[in-house]
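Participant: This structure is in structure tokens; I'll ask about it shortly.
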Amino acid sequence: MAFRQALQLAACGLAGGSAAVLFSAVAVGKPRAGGDADTRTTEPLAWTGARPGHGVWDSNWDRREPLSLINLKKRNVEFGEDELASRLDHYKAKATRHIFLIRHSQYNVDGSMEKDRTLTPLGREQAELTGIRLASLGLKFNKIVHSSMTRAVETTDIISKHLPGVCRVSTDLLREGAPIEPDPPVSHWKPEAVQYYEDGARIEAAFRNYIHRADAKQEEDSYEIFICHANVIRYIVCRALQFPPEGWLRLSLNNGSITHLVIRPNGRVALRTLGDTGFMPPDKITRS
């Protein structure tokens with residue numbers, strides 16, 4: 001009886017949280033009143049839903065908590081506690097995902113068009129060093145997913161030489177952009193409100209698509225590389241750790257740096273390293 005009551009309480013909590021979450025990610029980075037005015041909206045971001053209180057971990061952050069995947073309306077009618085336990089086990093993740101987020105190497109910032117913003121000679125050296133470092137870890141990487149922007153593609157080309165046989169996939173979701181208005185604001189970088197509105201939805205979609213606990217069918221731990229951009233990585237780190245996403249600009253990442261996130265089967269997330277470039281000589285480290 002106690003088991004049934006506990007399940008009912010947990011089910012109500014998870015169901016309520018799931019129902020409150022809207023997949024209208026376009027609300028991320030909602031424009032400020034009056035364009036560049038400092039007045040901030042008090043409307044919560046769409047992806048936050050009914051989040052727990054400050055400092056409380058949301059165990060169903062990726063909407064893959066086993067209990068939330070069961071049709072609770074049918075539970076009492078079609079199956080009992082034994083069947084419920086079996087279904088929970090069916091949806092339960094078994095493997096750990098290791099996410100390696102790589103920032104692209106130094107590039108020509110003066111290129112008039114995106115295709116002209118190619119890696120500098122130093123940037124190519126940085127990519128070589130990053131590739132060597134990843135290969136030295138001795139891990140069986142499952143795939144490389146990279147931004148479709150030129151500097152990310154060229155970084156991937158070089159790193160891939162050190163990881164033969166690892167498949168690579170290009171995506172527009174990981175392209176650089178303005179994820180959400182930073183807090184505190186900065187004076188040297190002020191995108192238009194519409195850029196936050198458009199880029200924010202895309203980058204949030206990238207987070208939801210790629211950052212989550214392993215599928216229940218995955219039997220072994222996976223090691224995945226994502227080669228993209230500083231803003232995207234910093235936003236993803238904040239979201240994954242359930243830190244305020246507006247704080248993304250407080251983090252700093254060097255070119256070619258390695259950030260390592262771990263997502264456990266129970267949905268817990270840990271940050272192993274942030275922006276590691278300790279494998280590069282000091283004179284090879286840049287942030288441009």
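From the backbone N, Cα and C atoms, a Cβ is placed for every residue, glycine too.
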Participant: Labelled region 'Interaction with KEAP1' by Swiss-Prot, one stretch among 52-57, 76-81, 280-285. Can you tell me which?
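Facilitator: My reading of Swiss-Prot: the region 'Interaction with KEAP1' range is 76-81.
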Participant: Restricting the comparison to the modified residues S86, K115, K143, which residue's C-alpha is spatially nearest the C-alpha of K190 (N6-acetyllysine)?
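Facilitator: Considering only the listed modified residues, the nearest one is K115.
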Participant: Looking only at C-alpha atoms, tell me how far S86 (phosphoserine) is from K143 (N6-acetyllysine), rounded to the nearest Å.
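Facilitator: For S86 (phosphoserine) versus K143 (N6-acetyllysine), the Cα atoms are 32 Å apart.
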Participant: Which residues in the same chain, at least 6 apart in sequence, have a Cβ under 8 Å from the Cβ of K143 (N6-acetyllysine)?
Facilitator: V166, C167, R168, V169, E224, I225
Participant: In sequence order, what residues of the same chain, 6+ apart, have a Cβ less than 8 Å from the Cβ of K115 (N6-acetyllysine)?
Facilitator: T150
